[in-house]
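Lifted from TrEMBL, the feature list:
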DOMAIN    63-104  domain 'NADH-Ubiquinone oxidoreductase (complex I) chain 5 N-terminal'
DOMAIN    121-231  domain 'NADH:quinone oxidoreductase/Mrp antiporter transmembrane'
TRANSMEM  21-42  transmembrane segment
TRANSMEM  76-95  transmembrane segment
TRANSMEM  101-120  transmembrane segment
TRANSMEM  127-146  transmembrane segment
TRANSMEM  166-184  transmembrane segment
TRANSMEM  196-214  transmembrane segment
Amino acid sequence: MIKKFNLKLKHDYIYLKSNTNIVIAFLLLSGSVFFMFMYVYLLLYKKIYFIEYEVLFMNSSCIIMSVMLDWMSTSFMSFVMLISFVIVLYSISYMSGDQNSSLFILLIFFFVMSMILLIISPNLISILLGWDGLGLISYCLVIYYQNIKSYNAGMVTAMTNRIGDVLILVSIAWMMNYGSWNYMIYYSYEKGCYNLIMWLIVLAAMTKSAQIPFSSWLPAAMAAPTPVSAL
């Protein structure tokens, strides 16, 4: 009887795991199609949707989160979700023999959501959230196999990403002088100031995209499962 109960639990777990993977793949494909239609609509009617909401207010300081949807951001989101859908489909087959394959698919999904937040954010605070989300999940994916090689590779990846974090934080601190973290008012700054912020963000982007001299983490990140390389 106990053996039969264990077999039933195992069957239910496999069923739930496969359903989770299919749901995530469906969400990514649906999101890609939705944002493709939205891209066409925004491009044809020349519209931009800007959403801003207050997250935290304390004394004279407030943290405002912003989301901007225009034809460029929606086209990027559609493209990212389409590629991620193909990666998830491949991963379901590639990781089928792995006991924690659902965890791997979930990590990919959260990686994509962090990337989406990075794409639609016109505010350095929300950009930092997406940025750190990418860094944290990248680390989890690199150390997925949990051996010495993957731990060392994960440390290289994490430390390189921290350089980008510092540069973004310096940009945020510098923009506090102007009362807003929204880069839509970027060109209203003095030329020397916005040049400094621009170079800080460009250098931060170089760490994330593995440009020289910040490229050492990319070969190390190949310690992650194969589908991660496509991301």
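Backbone N, Cα and C atoms are what each Cβ position is placed from, and that goes for glycine too.
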Secondary structure tally of the domain 'NADH:quinone oxidoreductase/Mrp antiporter transmembrane' (121-231) (DSSP, helix then strand then coil): 85 helix, 2 strand, 24 coil
Other parts of the chain folded back onto the transmembrane segment (196-214), taken as Cβ under 8 Å at six or more residues beyond its ends: 131, 134, 160-161, 163-165, 167-168, 170-171, 174-175, 183, 186, 189
Residue distribution over DSSP helix, strand and coil in the domain 'NADH-Ubiquinone oxidoreductase (complex I) chain 5 N-terminal' (63-104): 28 helix, 7 strand, 7 coil
Positions on the same chain near the transmembrane segment (166-184), where near means CB under 8 A and six or more residues out: 64, 66, 68, 122-125, 127-128, 131, 193, 196-197, 200-201, 203-204, 207
